Amino acid sequence: MEQAKARSDKNHDPRPQHEEEIGDVPRVRNLLLRSMCAVYLMAFVSFYCQAEGLYGDGGILPASRILANGTLKERLSLLQLAPFVGLGHGHEAIDLLCLVGATVAFLGLISRAHCRLLSFIVMWSVYFSLVQIAQSFRQQADHLLLEAGFLCILLAPTRLTDRRHPMEAIALLLLKWLVFRFMFASGSVKLASGCPLWWSLDGLKRHYETMPLPTSYSWYTYQLPDAFHRVSTIYVYLSELVVPWLFFAPSRTVRRFAVWWHVFLHLNIIGCGNYGFLSPLVLTLLVALLDDEDELVVWVQERLAVDDTRRRAGRARTAARNSTDDSADRYGGRLVKAISLFMVVGSWLCFSVGVSKDDGQLTFQPTFTQDQYLNVMQTMVRAAPLLVFVLLVKQFLKLLSSQDSVGSLAEGMRQFSKNLGLLISTIVAFTVFFMSIVPHSRLLPSTAVTSPVMTRAYGGLHSLYVVNQYGRHLTKMRPMRREIILEYGDELNGTWHEYGFQYKPWTVERAASLPYGWLHFPRFDFKFYDAAGSKSDAQKWIYPLVQRLLDHQQPVLDLLDSRHVPAEAPRYVRTSLYRFAYTSFADAGGFWTRERLTDYFNVFSREDAHLRDKLRQMNFRTAAEQSASGGGGGSWNWLLRWLLDAVRRFVGAIEGSYLLIGLFVAAGMVLYTQQQQQQQQRVGQST
């Protein structure tokens, strides 16, 4: 009775409830969700900029092939609903999904009112539908975004409120586990592969030259001394194998140290390579390591807050908590110094750092064997899920202990409804965690989970990209850079001209050989990196590309550099394989030297029988076949099609990276205007 009366008094007293709401602002949750909206915006806009050329009816791999003839899992997409709005399966339906997703993401970025559960369900569903049709152009960044986006569904609030919900701690822990898995997988496979470049600490220097889409920053970094690159490689090993364990440290100071360590790493990754939204996504996941009272989180929250009363009360509450937490974490600074010393001494001993007597340069030699490394990795791979499971159980027990007692039937019904939702969310969270152990255990053959039940369950979740495997890239460094160059001509023995690319290296001209894509993710150019490192038969998407070039299809030509595209359809197209190498400071001219190695594909023409057979095997229709069959069936909504085409014509004139920069500048201006309006209202009320 006393508890029920206390609750009744609390419900009738608005002041304590308001104070509790002010003092319990989940800043980390809000900052992480707003940042995820920014990452979704990058992903949707990047997909939109290339959708017509990649997946339209005149594109390289039309989405209609998958939606009509794919497997049941492949056809699971919101694009199946396009005929109901009169758009068919052409690029207009893809444009509509991209614009819907980008709009929801932009609104979530500029307003907390739109950064909630429904928004994240919409963004995940839309992006999942787009990734379903990505086919050969799907990348691991898509997998990571979908997995992180699903966990954000567990984290996002249902209603427009700043109050915490019980699942927040569990969802944040799963996000920590996700970024741990991604970073640890990226590091563990390097030495486990036995690649001599990684073992000699020359892998990072080679990576600057052979990465998918390098920038000029990569070229300048490549020119630094070899000792610098070997020290940098050790830094990468520490970043991916040692520092991720600090993500779960109880000390706030230690976790903040891990965050800033990785911020420096990923800022360099953004500078040296065009990886699109991958590094911004990892940086967003690192927000889960911070506390609500962290100075950076408080500063950002104050910039985004529009309620001055809430801002001042939150600042006062933060100061009080900081004084308590600082006393509890008074050894955090000492721990960071001890950890830093341990990493320096450990690196010195593990890699036998010395000085050469001949030239005085630093020398490095691993003092451990590959078998010893694999033994240590076995222990680490098995220990990580156990650690996270203990932390999950701890959070689950804390969740149970926080449940209120029931004083009446009505309260009991409300509590039952609330607990039912928590039960479902908890089951989903633990299921995702246990299934994530399967790809994590596959980092080494000796630790792989062999249970057929778990592997089948993982396969089901992986088909939805809820749980994925990472670390398959950079296992073995390429000894040299190979590039595929597209060429066209009107005579077999005549002059061959080159198609230009927007982002990938293809020319030795300095101005066009190492462009910056910044936050834009150019899938088309990125895919050529995979193709250049594999056999030509494995890259079936090049056959449709060649056919589109022979047909002179404008959507595909828009993916290329318009300054190096023929005015009319060529008679012949071929692909050549070149070797590219960085120049040095002493060389005058561009960033690259190149040498033609061989043909990647033979010369093709429209009448080529081999090309027609390959396209027939892929169920691919040429432009003439599409016209003869009356393509575009089901596209009866001419008004919506006209509107979508108008938007594409307007946006198509803006390069993808500039478009994203413009959208983020616009978002910043909206946030600034909101703050100014709130300040003017407060001044008017005070006067």
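The backbone N, Cα and C atoms fix where each Cβ goes, and this holds for glycine too.
Those TrEMBL annotations? Automatic predictions, nothing curated.
Per TrEMBL, these features apply:
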- 139-293: domain 'Lipase maturation factor 1/2 N-terminal' (DOMAIN)
- 466-601: domain 'Lipase maturation factor 1/2 C-terminal' (DOMAIN)
- 1-21: region 'Disordered' (REGION)
- 31-48: transmembrane segment (TRANSMEM)
- 93-110: transmembrane segment (TRANSMEM)
- 117-137: transmembrane segment (TRANSMEM)
- 143-161: transmembrane segment (TRANSMEM)
- 173-199: transmembrane segment (TRANSMEM)
- 227-248: transmembrane segment (TRANSMEM)
- 260-290: transmembrane segment (TRANSMEM)
- 335-355: transmembrane segment (TRANSMEM)
- 420-438: transmembrane segment (TRANSMEM)
- 650-672: transmembrane segment (TRANSMEM)
| request: Run the contact check on the transmembrane segment (335-355) against the transmembrane segment (117-137): 3 or more C-beta pairs under 8 Å, excluding pairs closer than 6 in sequence. | output: no
| Leading contact stretch, 31-48, 117-137, 227-248, 260-290, 420-438 vs the transmembrane segment (650-672) - CB distance under 8 Å | 31-48
| field | Cβ-based contact of the transmembrane segment (31-48) with the transmembrane segment (420-438), 3 or more pairs under 8 Å | value | no
| request: For the transmembrane segment (420-438), name the stretch out of 93-110, 117-137, 143-161, 227-248, 260-290 with the most CB-CB pairs under 8 Å. | output: 143-161
| field | Overall pLDDT for the domain 'Lipase maturation factor 1/2 N-terminal' (139-293), taken as the rounded mean | value | 92
| query | Helix, strand, coil residue numbers for the domain 'Lipase maturation factor 1/2 C-terminal' (466-601) per DSSP? | reply | 34 helix, 36 strand, 66 coil
